[in-house]
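Asks: Below: one structure in structure tokens.
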Amino acid sequence: MRKWTIPSVLFLLCLLFLLPDQGRRIQANAEAESDAPVDPPKVEEKLGAVPHGLSTDSDVVKRESESMSRKTLRADAEKFEFQAEVSRLMDIIINSLYSNKDIFLRELISNASDALDKIRFLSLTDKEVLGEGDNTELEIQIKLDKEKKILSIRDRGIGMTKEDLIKNLGTIAKSGTSAFVEKMQTSGDLNLIGQFGVGFYSVYLVADYVEVISKHNDDKQYVWESKADGAFAISEDVWNEPLGRGTEIRLHLRDEAGEYLDEYKLKDLVKKYSEFINFPINLWASKEVEKEVPVDGDESSDEEETSETSPSEEEGDEDDSEKPEDEKKPKTKKVKETTYEWELLNDVKAIWLRNPKEVTEEEYTKFYHSLAKDFSDEKPFAWSHFNAEGDVEFKAVLFVPPKAPQDLYESYYNSKKSNLKLYVRRVFISDEFDELLPKYLSFLMGLVDSDTLPLNVSREMLQQHSSLKTIKKKLIRKALDMIRKIADEDPDESNDKDKKDVEESSADNEKKGQYTKFWNEFGKSVKLGIIEDATNRNRLAKLLRFETSKSDGKLTSLDQYISRMKAGQKDIFYITGASKEQLEKSPFLERLTKKNYEVIFFTDPVDEYLMQYLMDYEDNKFQNVSKEGLKLGKDSKAKELKESFKELTKWWKGALASDNVDDVKISNRLADTPCVVVTSKYGWSANMERIMQSQTLSDASKQAYMRGKRVLEINPRHPIIKELRDRVIKDPEDESVKQTAQLMYQTALLESGFLLNDPKDFASRIYSSVKSSLNVSPDATVEEEEDIEEPEAETDDKEAAAKDDSDAKDEL
């Protein structure tokens, strides 16, 4: 044991001496490598023809590709810890605020726009801050590297110092522009407020390694890099091309985010979210062009050999040989070549930022077509461009489209998409805000741009923001004023006494008939608004249009109806039905027409619901002429007639007891018709019953509660009613009289618009009446058809059976 102990001790002592020496050698080598002079980067001229300094030399590309492949932080960089817990931070950003990954590009472009806003603002008082050459061009550049999966966004904004990079990108509690806004508080320019904190971290939705290269006028160029793993690193940038001023963000995309390496995808995102950013957004895009190149010698000799086979071509060659050398054209061919150039993505101007008086009609029309993606030549019906000031400041442009979408009312209550886009400081937020406009105005196109709403919050959080209620209130008022203006400027909408003056003074007939076109497209939306929006019900009622018994096929308004009301008329008369032609022949209009009253025709199914909410207008109540309560002045013989037909009405009510007829009364609305069936004032009309019965999921048992009580009104001046009265007085038990009374009631039901519960019974009564008029005996029966035997059929069956037997024998 002892003889092994001494060698072991000697071996351990040797190791102790050797290890420190080896460690010192490794450390010395590392120090020597770190202190070794680094060659300054050489930028190749016109590398890939990339202007404005987004290119790098080949050595840098090699070093960068090695670093990118590993996606590790640079060893010589200064390391920092995030001030906020990164795991919690990323959970808030990715899971709560940004459910849509596309949002990252919106945030980066918004940040770049804020940085450009800052340097532009400072240049107003100090032009030297912009520098010279390309630095004076305030723009945003986007570039792709599909091989390395890198997406770069660069701006020539104010840039960030090393301290700015630490503070602004180290925590979400510090905003990159908050200090700047505090410094510029006296200017009151709220457009400079940015959110370069929360928004920046949306990059980790698509990238697992991010570099931020930034150069401020007051500091050197630095690189910030992080993998969102709890730490970030900052180092002086001595290998990338000098930016001059500004910031470039490089996103090393994840494998599942490969779609963002597609140029068309990026174009769509910019068009959707950042189309109206104040500064140019350029994409380094590929483009195929045809180019003529000289033909190689081998190819030209092959062509000459081929041409020898054609005599005509030989003659042509001889002619060419006789021409001077300078007249001979070199042989060329066309080839497709892929080139790259900067493509401007946001060429549509944000006209809502301008004074409405300075924007032309052509500019509004062009802007509408761009906003609505409408490629037709039709102009919108109207537009409203306004600025709202006060507690909530915003700018808005609203358009009334020339046509309604085909599914506007089919998916009215199910559709969540809105045609109104919400912007915050010219950055698109969403078009799914139901709180900005009510459903009935969802057909309007337009946008709202607010400077007071928060930018980096989710749609759900923004919907609960108190400012939205104020914005909604102002938008509704402006929208209704815009629609009313269409009617005010339409010569056809003017009163008859002013019509000639308007037509003579109007040199432009483009607006003639515009409101009728609008009503045909969107009239149902106005009616739905009256049902849904109690606050603006009276305003919407002024926009109602309809045909009447005196409008001669043209649309009229409630104001025009009231102006034509008879002296002493207190009610606005209307009737509902399936069509105008049907209503014009309705028995309910007979007395009204004779007395020269005007009656409104409501033929849209939604009108039945509409009139349940529109009870009065300008102190005039609405009266359905097919319901109880119609008053047409006093009748001097009313009491006398009531007493004269008292026995008939009492008898008839008893005869119709099984049909749930509530009463039989003397009518004041009939002239030529013997009787009609009316409903109670607050029950369903005949038209409403028909609509409800046609519903797919209707419940007949529940509908019974809403059916109005039916009242049979008789015309005391009609000869049939007089004769019926006399027969009832003579013999109230006469079956023929009972049959006649029942038949008249069923006929009145049909003529009044109701559906018969038992059509077979009605038909039987009609046939009995026909028999009586033709003197056919009531006991006469239909002749029975005699049964005739068909022997031919039996013969055919026998032949078929015999054939089957023969076929079976053949098979055997």
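Please read every residue number as a count from 1 along the shown chain.
Backbone N, Cα and C atoms are what each Cβ position is placed from, and that goes for glycine too.
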Asks: Choose the correct range: of 30-60, 61-91, 154-184, 216-246, which one does TrEMBL annotate as region 'Disordered'? Give that range.
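Replies: Region 'Disordered', as annotated by TrEMBL, spans 30-60.
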Asks: Counting every protein chain present, what is the number of Cβ atoms, excluding its own, within 10 Å of the Cβ of T247 (ATP binding site)?
Replies: 27
Asks: On a count of neighbouring CB atoms within 10 A, which of the binding-site residues E107, D155 is highest?
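Replies: Of E107, D155, the one with the most crowded Cβ is D155.
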Asks: Summarise the model's confidence over the domain 'Histidine kinase/HSP90-like ATPase' (100-257) as a mean pLDDT value.
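Replies: That stretch averages a pLDDT of 79.
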